[in-house]
C-alpha cells in the first residue's frame, strides 16, 4: 500500500517521466524514422524534386514563388497562390486576416486587378484561390480554374501551342482522392518542371 | 460530382469508419482498465518507476499521482526548452525565452497544445521528440486515467479505493496510444508525411530564389498529436503545412484519428458499468451535438460570409486548395469538438458565423466527443447535472447508475461546470481591460474581441487552436494563457477524482419504478438540452458582442 507521503509520488513521477522520455521520446521516433526510411524513403525525406540535370529545386509538396528578384511574376511559369509568408520554409502560416478585414478586402481587390491584367482575362474570371493567401503559405496547389486562365499566357510566352500546355496541366492535376475526398488541384512546381523539361 | 456532395460523402466515410472501429476499440479499452494481468514490459516499467502495481489507491493518493506526473512534466519540459542549445539535435535553435517556455510546458502537459511559438524556428528536433511528443502521450494517458477513476467510482461500492493511477497511465500508453500511434505513423508516411532527422536544406528554387525545406520526425509526432487529441503542430501552420497534411486523404485520416478514441470511450463506459445502453445514450448525445455543429459549420462556410470573403468569391483565405471547403469545415469542427486544436485551415479567417461555431464547440466544454478521457468525464459530470435537474422536476432524490446524488456530489459537479466559464470570461475581461491585452489584437472591432475570447476559450478548455492573428507570444499572454490552461485542466481533474471518491464510497441504490432511466432517448434529449442551455446562457452575452455582432452586421 502506498504511503500517504506526497514526496513519494513526486519521486515516482520523476522516474516515470524519465522512462517515458527514453521510450516515447527517443525510442519511438527513432524506430519510426527507421521504418519510414525503409518503406517510403523519398516521401519520408520530403518528396524532393529536381530538374532534368538532377539539381534539387524544392519539394513537390511545398509551393514556391515563380517570381523574379523584385517579386514580379515570371510570365513563362504558372503562378502559385499568394503566400502570406512569401513561401518561407521557416515561417509557415496564413495571413490570419478576418472575413471582414478592410485590409484583406483591399488586398483581394488589388490581387484581382493584377491577376486579370497579367493573364489578359476579365476580372470576373479570376477564381478565389488566385486572390487569397493559403493556410500554410506553402500551398503547392492551385485550382484547375486558376490554371486554366494562365494557359494562354504561358503558351504565348513559350511560343508553343496551347494544347500542349493544356496536356501538361492535365498531367499535373490531381483529382479528389477516391473521387470524393478533398478538392482537385494542380501542383504548380510539378507543372512548371514539366514545362521546362518538355517544352524548353 | 459537386463539391458539396463530395463533402458529405467524406463525412459518410468517416462515420462508417468510426462506427466500425468504436466497438472493438471501446471493448479493448474497457479491458485495458479492468484486466488483472500485467504485461512483462509493464512490470519492467513499474520496477523502474518504483511503484507497486497491485496497490489500490484511495482517491487523494490517486489524485496526487496524477498531479505529480503533471507538475514534474511541466518542470522537465520547461528545463528541456531552456537548455536545448546544450543538447544534441538542437538544429541551432536558441534556448526558448522563459515566458514562452513556461507557456509551452503548461500547454503540452495540460493536453492543450496552444502554441505561442512557431515550431520550425523555435524547437530543435530533440525538444520536439523527447519533450513535446512525450507529453502528447502522457497528457492523453492522464486524461484516460482520470476517466477510469470516475467510471470506477460509479461501478464500485462501499470502498475508498479507485485503482492505481500508475497502472492506468502506463497501460493507456502501452496498450492503447503507442500501438495505435505506430500504425498511424506508418499510414501517414505512406501518405507523404515526412519522417527524418535532417535539420533541413536550403535549395535554389526553379525561379532562382532560395527556399528552406525543413526536416524532422514529423509523422511520429503527428500520429500521437491527433490520437491523443493534443494538436500541437511540428510546424507553425500545423496540419495545413504540406509536410504534416500532404494530401486530402491524409487530412481526413487525421480527422478520424482525433475522433476515434473519444467516440469509442462511451462503449468502454457502458462495458465497465455493465450496461452498454448507458454508453449508447451518451454516444447518442455526442453524435447529435457533433452533427448539428458540423452542419452549421459547413453551411456557414459555404455561404462565405464577410465582406472580404464575398469580394474574393469564396472562403479561401487561410484555406488550402487540396483540402477544399468541406474538408476544411470538417477538420475545424472535429478539432474544436475534441480538445485537439490542430488545424488544417486558419480559424481566424473562417467566416464570422463559422468562427462562432468553432468557438461554441469549445465552450460546450469539449464533450461531443471531447478530448481523450477528458471529453467523457466532462460529459458524465453533465449527465450528473441532467439527472439532478430531472430529479428536481419530479421531487425525488436523483440517482445515476445506482448512486445517489446528494449535496456533496452536486457541489462538486456544480463547481466543475462553473470552473471553465469563470476562467474564460474573467481572462477575456482582464485582457480587454488592459493595454497589454488589447495590444495583441490583429483585427479591430468585434473580430478583435473574438480573437481574445477565442484564445481564452481555447486555453481554458485545453483546446489549443487559435485565431492566429492574436500576437500571443508576449509576456502578458504567455503568462495569462498559461494560467488559464493550468487551472482549466487541474481544477476539473481535482473535482472529478474527488467526485469519483464520493461515489465509490456509496453502496448501490436498487432500481425502482421511480428511477429515472438514463439509457432512453428522453434522458439523451434532456442531457443535450442541459449541455446547450448551461453553455448557451453562460456565453451568450459575449458571443453577441463578438462573432454574432460581426456575422449579423
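Just so it is clear, glycine is given a Cβ too, placed from its N, Cα and C backbone atoms.
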Where TrEMBL places transmembrane segment among the ranges B:112-132, B:196-216, B:217-237, B:280-300: B:280-300
Spatial neighbours of the transmembrane segment (B:415-436) far in sequence, C-beta under 8 Å, 6+ residues away: 363, 365, 378, 381-382, 385, 449, 452-453, 455-457, 459-461, 474-477, 480-481, 483-484, 487-488, 491-492, 495-496, 499, 534-535, 538-539, 542
Same-chain residues at least 6 beyond the ends of the transmembrane segment (B:522-544) whose Cβ lies under 8 Å from its Cβ atoms: 281-282, 284-285, 288-289, 356, 359-360, 363-365, 367-368, 379, 382-383, 385-387, 389-390, 417, 421, 424-425, 428, 449, 453, 516
